[in-house]
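Notes follow once the structure below has been shown.
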Amino acid sequence: MASDSSIAIKLSDTVSEEEDHHTHLLAEEGLEDGSNSASPAGAVSKLRFLILPLMFLLSFVSYLDRTNLAFVADDMQDSLGLNDTVYSLGAGFFFVTYGSMQIPSNRLLTRFGGVSWISFLAVSWGLSTCGMALITGEWSFYLVRATLGFFEAGFFPGTMVYLRSFFATEDFGFAYSVVMSATCLALMTGGPVIAGIEALSTKFVPDFDTWRTCFIVQGGAAAFVGVLLYVFQPRDIQSCKSLTPQEKTLVTRQVNSVKEPPGEPNLREVMSLSTLWYFSIHWLVFSLPYWGFIYWAPKIIDEIEAGSVSSTAVLFLSSIPYTGAVMGNLTIARLAEKYGPSTRFSFVGFAMFLAAFGFFLGAVSSSKTSKLAGLTIAGAGLWGSYGPLWSMISQEASSTTDKGSYMAAVNGIGTIGGFIGPYVVSAFDTRAESFAFFSGCAALSMLILAGAVKDSKSGLGFK
């Protein structure tokens, strides 16, 4: 996960700076006024309409394909005779290849182009998801999950590189946040979507396992969107047919106006930066509760209800914590953007406090309602940290010679936690123990992040 969850990156400090920058570019190009004038706001609006819809849709199906395992786990385990340990390892194997392929995939995107590479990845991970319908036991389960991680690894880092070729720094943050908001929507609606597919499968193909149908339908959707992306998505600014020549010139100047640090991209130098490792370890520790939450939420809710509701009801109840995630994500990201870069670290800290408190509440409470409330609060905190956190990472990466590799490395190293997180839940004797562990992880992650702020070269978190 891109995650792989919602990230709002604010790369300009004030609106006045943004307006001055646009005005300066207009003046240079002679596009200020007149019948042939090009409006910066109008050009950016057109770009958003052209670029973002299919990227949003692909982000949505990506997270459905990545996390649908959580919603069909019980049926699949019963059908194949897989225990919780095998399930946890299979869920985690995704992240072995996902983490290791972040930087290589970023390099291949540079060679083949954003649209072509992302389309190839989408079709490939879609077919891999369909392959989940063919598994017959433990080892085929591990193999297909690893294959899925291999192809999904480059999507979110690649999306960042692709969007940066269309949007200037002051416009990129909103564009990327739109794409990433689809991940919360996918997690919130994943249960109902699965329930709908299972109902249709039972009606029209009653002799076929419903969980297999779910993988086929959702994998096919990803492959289909990948084809649409290849056919219809603009490759570059010049291929945006709805932009006038003046608008193309203006947007090109805006995108190219950011001065890159001097020197050629140097991966070895980037990997030696202390901030990269602080961010990576923070992301790893953060990923333990994050992915443990995603892959076990439906099973935990089923246990909370103790079989008192149907499996379909459990799928719908599973969307409640993700409603909290959406609210936390949007609210904290908006507040962090409103109060500026100097507050980002504080807002990440507040989000991690919510996550720690939510898991703690789930650990100590005996009430069904309180446990579900704890999960919801934890979700708000986990997803609420995304916007300000990745703004900090992006800001620090901009001070290096290889921003793409810096961010891919942080995401790749950090997602090792995605392998460990699901397994941790099954390793503890009780859910209360795993909740307490995740609460501690949320608190520890903030101490690690403080190290990145201390060593920052870009004034992280403070003006």
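Placed from the backbone N, Cα and C atoms, the Cβ positions cover glycine too.
Whatever TrEMBL says is automated annotation, not expert-curated.
The annotation domain 'Major facilitator superfamily (MFS) profile' is assigned in TrEMBL to 51-457. The feature transmembrane segment is assigned by TrEMBL to 47-65, 85-103, 115-135, 141-162, 174-195, 215-232, 276-297, 309-333, 345-366, 405-428, 434-453.
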Close approaches to the transmembrane segment (405-428) from elsewhere in its chain (Cβ under 8 angstroms; 6 or more beyond its ends): 1-4, 84-85, 87-89, 91-96, 98-103, 105-106, 153, 156-157, 160, 265, 267, 270-271, 273, 276-277, 279-293, 295-296, 393-394, 396-397, 434, 437-438
Cβ pairs under 8 Å between the transmembrane segment (47-65) and the transmembrane segment (434-453), at least three: no
Long-range neighbours of the transmembrane segment (85-103), counting only residues six or more past its ends (CB under 8 A): 1, 4, 66, 69-70, 73, 77, 138, 141-142, 145-150, 152-154, 157, 267, 291, 295, 405, 408-409, 411-423, 425-427
Spatial neighbours of the transmembrane segment (215-232) far in sequence, C-beta under 8 Å, 6+ residues away: 54-55, 57-58, 61-62, 64-65, 68, 72, 115-116, 118-123, 125-133, 193, 197
Remote residues contacting the transmembrane segment (141-162) - C-beta distance under 8 A, at least 6 residues beyond either end: 1-4, 55, 58-59, 62, 65-66, 69, 80, 82, 86, 89-91, 93-102, 105-106, 108-110, 114-115, 117-118, 121-122, 124-125, 128-129, 131-132, 134-135, 176, 179-180, 404, 407-408, 411-412
